[in-house]
Amino acid sequence: MMKIFNTLKNKKEKFKPINSNIVNVYVCGITPYDLCHIGHARTLVFFDIMIKYFQYKGYRTNYIRNITDIDDKIINKAFHKKEKYNLLSDFMIKEMKYDLNSLNIMPPNNEPRVTNHISDILEMIKILLEKKHAYISKTGDVVFDISTYRDYGKLSKRFEEKKQLLNNKKNKINFKTKKEKDFVLWKMSKPNEPSWKSPWGHGRPGWHIECSAISDKTLGNIFDIHGGGSDLIFPHHENEIAQSKCANSKFNVNFWVHTGMVMFKKEKMSKSLGNSCLIREIVKKYDADTLKYFLTSSHYRSQITYSVDNMEKSKSAVKRLYRSLHNTNYFYNLPIKEKFTSKFIDAMNDDFNTPKAYSVLFSISRQINYFKNKNPEKANQLSTVLKNLSNIIGILNENPDSYLNNKLKFSKDKINKIKSIIKKRENYRKLKQWEKADEERKKLKYIGVCLEDTIQGTKWFKL
């Protein structure tokens, strides 16, 4: 039985798709005004794992991840760069795809852009106005009136906003003036800003209405999972629920799923705070597997803190897994009776518990190392299991030899020195002078080399 934590209910609930053989997922995507940082990566990596795991379990998936390609941030940056907003967003979308490809993240089934759904957005706004859930402010903006939605605050558990607005209504505040907590559905454009024609004048959509209209258009008003980072719970997802439910009372999402924040020195990592680490910078400094391990070694709902120490620990952990695959045939198709797969499934069925899943992977790794010389066939069988399960989490996609060796990074003189020490160690081993042999191994470790003794001889690779 699979359970997923539902933010709306604040508890884990049994997951059963609305349609028995397909899982429909909508995730709020990026606003392409700058390069993606590892805060974005955490959400994107997690939902990639979710989709891969559903597919592993035999479900078909329909994964929608929107792109907010019109936004104040895009307009402001384009203005300062003296270029058209759409050229900026197009360029950043290409850069996003480059980063996600470097992390081996699958593309969604559909990646709708807001600017391609203006008509759907206008239609939903018209309905909200007709049903008296929205009003036109003195500035001409179309604004959603949250006091008209009785369950406002249910997702975020922030009910004070609703209470405040009800008091405002009781005290007969002028509704032509936008109230503090109400949010814009359609924003009137300023001169020289990008805009679209509407019944209320030229303007552009507000942030929250975009996802409501696009999810309704692509998945309908009832679907399985809506997700994003935990910073979207309020106000974005709270507002989405309000406007979607008011536009169509049948609207329902079974599970609201949110990832925890990536922290940097006790602050949320974000571009606006100037403390973000770009995906491409981290991949270049470490590698994709190390970054993905760091992002998934803690439970997806918890906060994680980026630090050099945590990245080095992640790098070391990934290398341990690759070392166990080293000198094995992980494409070995002979079936094996093993307990690890069921334990891995139990972990993932428990709200995608990747830390527990990793403990299973490391158990397999230890078994592979144990059987490498004693029973190579069993080691090969277990390597196949490790490779297949790791690929669900999205790691161990590289060839172990090429990942571990990187011998080209050593100079020719250093490689000769390494080979000389290995030869000396082998001579000590033949003479059964184990302490001296161990001293030679320590010398290699000191210069950044790890050894593996196999039936074929001693292999070395870079730490």
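Every residue, even glycine, has its Cβ placed from backbone N, Cα and C.
These figures come from a predicted structure and were not determined experimentally.
The Zn(2+) binding site feature in Swiss-Prot is assigned to CYS28, CYS211, HIS236, GLU240. Marked as motif ''HIGH' region' by Swiss-Prot: 30-40. The motif ''KMSKS' region' feature in Swiss-Prot is assigned to 268-272. The feature ATP binding site is assigned by Swiss-Prot to LYS271.
Ranking the binding-site residues CYS211, HIS236 by other CB atoms within 10 A of the CB puts HIS236 at the bottom. When the motif ''HIGH' region' (30-40) is classified with DSSP, helix, strand and coil residues number 3 helix, 1 strand, 7 coil. One way to see the shell of the Zn(2+) site is to take the Cβ centroid of CYS28, CYS211, HIS236, GLU240; the remaining same-chain residues with a Cβ within 8 Å of it are TRP207, HIS208, GLU210, SER212, HIS226, GLY228, LEU232, HIS237, ASN239. The average pLDDT the prediction assigns to the motif ''HIGH' region' (30-40) is 96.
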